[in-house]
Amino acid sequence: MNIFRLAGDTTHLISVLILLLKIYATKSCSGISLKTQALYVMVFVARYLDLFTDFISLYNSVMKVVFITSSVAIVWYMRVHPLVRRSYDKDQDTFRHYFLVAASFALALIFHDKFTFKEVLWAFSIYLEAVAILPQLVLLQRSQNVDNLTGQYVFFLGAYRAFYILNWIYRYFTEKTYTRWIPWIAGIVQSALYADFFYYYFLSWKNNSKLQLPA
């Protein structure tokens, strides 16, 4: 554990809390991609199967449970809650996310640390997380006007990945045997996907104006 890892976990948790706050307080999921949220459920379930077999620390176990349950809760709200589901932008959220699932699984079968069930699913979760934000970004570009809470949610989600990259850099220079090519490459790809959003987020903050993304 180091300050960058802690900052990454904190910003990730904040992003989830912001999204849950938006849904609970406004009873609306307008501007939120159900497909991205469904992909995150797959990411966390596939990655944290070791929750039932390996104990690392109480902190680690609690964070795994929080991310699994919160992602499932968000999908439940968007699919089942009678008020929230009415606000879902189904006609705008049309990204073919199953291609992302198929491509991520194919990569996991080819590029993994060990060819075991758990390690392949871990690699799959890393590849899928790198691109899971795509349906959300496409939805925001189509709607153009982004409400404050949705913008904050995506910002903190991107900040989480940025802090994790700093965590990897720190560990590379402080731990002699630390090399993790799969998450490194996937993390760089994921960060690149956020670049356009962060540019317009910075402009809106600088000009004190509403966040708008180009179509």
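Cβ coordinates are placed from backbone N, Cα and C, and glycine is handled just like the others.
A TrEMBL annotation is a machine prediction, not a hand-curated record.
What TrEMBL annotates here:
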type     : residues : note
TRANSMEM : 6-25     : transmembrane segment
TRANSMEM : 55-77    : transmembrane segment
TRANSMEM : 98-115   : transmembrane segment
TRANSMEM : 121-140  : transmembrane segment
TRANSMEM : 152-170  : transmembrane segment
TRANSMEM : 182-202  : transmembrane segment
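No contact links the transmembrane segment (121-140) to the transmembrane segment (55-77), because fewer than 3 Cβ pairs that are 6 or more residues apart lie under 8 A.
Contact between the transmembrane segment (6-25) and the transmembrane segment (152-170) is supported by 3 or more Cβ pairs under 8 Å, counting only residues 6 or more apart in sequence. Counting only same-chain residues 6+ beyond the ends of the transmembrane segment (152-170), those with a CB under 8 A from a CB of the stretch are 2, 4-5, 7-9, 11-12, 14-15, 18-19, 22, 32, 133, 136-137, 140, 146, 180, 183-184, 187-188, 190-191, 194, 197-198, 201.
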